[in-house]
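The active site, nucleophile annotation in TrEMBL covers Cys76. As annotated by TrEMBL, active site applies to His139. TrEMBL lists Asp36, Asp37, Cys76, Asp286, Asn287 with the feature Ca(2+) binding site. According to TrEMBL, the feature domain 'Sulfatase N-terminal' maps to 28-352. Sequence annotations record features per position, and here TrEMBL assigns N-linked glycosylation site to Asn201, Asn421. Marked as 3-oxoalanine (Cys) by TrEMBL: Cys76. For 1-22, the entry in TrEMBL reads signal peptide.
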Amino acid sequence: MATVALVLGVSLLFGWAPLGAGATSQPPNIVFLLMDDMGWGDLGVFGEPSRETPHLDQMAAEGMLFPNFYTANPLCSPSRAALLTGRLPIRNGFYTTNGHARNAYTPQEIVGGIPDSEFLLPELLKKAGYVNKIVGKWHLGHRPQFHPLKHGFDEWFGSPNCHFGPYDNKAMPNIPVYRNWEMVGRFYEDFPINHKTGEANLTQIYLKEAVDFIKKQQAHQQPFFLYWAIDATHAPVYASKSFLGTSQRGRYGDAVREIDDSIGKILKLLQDLGIKENTFVFFTSDNGAALISAPKEGGSNGPFLCGKQTTFEGGLREPAIAWWPGHIPAGQVSHQLGNVMDLFTTGLSLAGLKPPSDREIDGIDLLPAIVQGKVIDRPIFYYRGNEMMAVRVGQYKAHYWTWSNSWEEFSQGIDFCPGQNVSGVTTHSQEEHTNLPLLFHLGRDPGERFPIRINMSISSKAEFTVPVQNLLLG
């Protein structure tokens, strides 16, 4: 992690100074655009053939693309907890131990949520004078003690969960939608989503919430943190009437096109208000595309294996773009291994704040990579539940466990890797490889189809496992 001296040096070099340094000018605004189940292969800049994301592609052309960016877990809730705490789910409490390596966490069905002991990014940003708003999906607990406004956010418009439903109004009511502390309606009732056509106006509502917040904070000359966590690309996918039927990729593509258009409007607003050079924007997704919902209601993970809920590349590698005109030279590509947890640490660095020193922080500060082009050595850990399934170091990825989903689920038509069976890799039973990890070179084999064959004696096996053990202890 960057020291305060490095943060000050970078800030002076690029013409801004954080409040934490005692400077008179305010720190940059921060906007995180977090998509839901959007895959690495859904962007034109990553090779999606219909090229229906012109605004995101332009964002990449004006900023920095991260082709090696990961989430901390292949499922919604744990990855969001990791983003906002800078910590692996195994540390922040968002993991399960029932059913070895299962990673499901749905707050509607259990009573848990983000622990009070965790420091969330908006809580810490308030120390530097930020006003914080979340728009969209929270997913870190639905009971009052887990409410976003109890964990650092000043404003919220959205829902504690996704728009799964519709449910029976009595036995299992539809998901509520909140404005701050007040419930203002429910999905499918006050906020309609047409299951048959996919029509819903929610993305336009979420866009207006973002626009109004940005305008208000700019008028008040207040630094702000906007966490725009929309869910249109999570099945059942939806789009507003003017976008339905406009994509070559069906309803999912319609949702992507509307999101792309909305992000274009947000970036243009920052430009029109004259604050684009004082606003750091980062775009990514919470986990890989849900191939179980594809092709009609799921996205693409490009060349990568499997998707959401697995620890193959398709489950955790995400599209990622950093945009900060005047600070990031246009058209940059970073080979930094990044993770959503880094957004926590980077956000604090932008504000001139240090991460909490009383706990382990897994996210690194990406500013040296973003504004100086540096590449920081670090591993990527792939977890399901409380089990570390794999580790990436450099171009190499070692699987200690392989598992896509159970034979029981698979026999019922539930397939997290449709059309991607790789013998001995996409297993439907939990296969352990801890004595001799299943090794891939992701540079030569990004699809994890050809394991590297290694002949080792017992003693050399032990030598092979030492470096990764050291990483875990470091």
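Even glycines carry a Cβ here, placed using N, Cα and C.
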**Request:** For the recorded Ca(2+) site, enumerate neighbouring residues of the same chain (Cβ within 8 Å of the Cβ centroid of Asp36, Asp37, Cys76, Asp286, Asn287, site residues themselves excluded), in sequence order.
**Result:** Met35, Met38, Leu75, Ser79, His234, Ser285, Ala290, Lys308
**Cys76, His139, Asn201, Asn421 filtered to the recorded positions whose C-alpha is within 10 Å of Asp36 (Ca(2+) binding site)** = Cys76
**Asked** CB neighbours of Asn421 (N-linked glycosylation site) within 10 A?
**Response** 12
**Message:** Near Asn287 (Ca(2+) binding site) in space, meaning Cα within 10 angstroms, which of the recorded positions do we find among Cys76, His139, Asn201, Asn421?
**Reply:** Cys76
**Item:** Pairwise CA distance, Asn421 (N-linked glycosylation site) versus Asn201 (N-linked glycosylation site), rounded so that it is a whole Å
**Value:** 38
**Request:** Do me a favour and check the Cα-Cα span between Asn201 (N-linked glycosylation site) and Cys76 (active site, nucleophile); whole Å is fine.
**Result:** 22
**Prompt:** Nearest to His139 (active site) by Cα distance: which of the recorded positions Asp37, Cys76, Asp286 is it?
**Reply:** Cys76
**Prompt:** Of Asp36, Asp37, Asp286, the binding-site residues given in the record, which has the fewest other CB atoms within 10 A of its CB?
**Reply:** Asp36
**Fewest-neighbour residue among recorded positions, criterion Cβ within 10 Å, set Asn201, Asn287** = Asn201
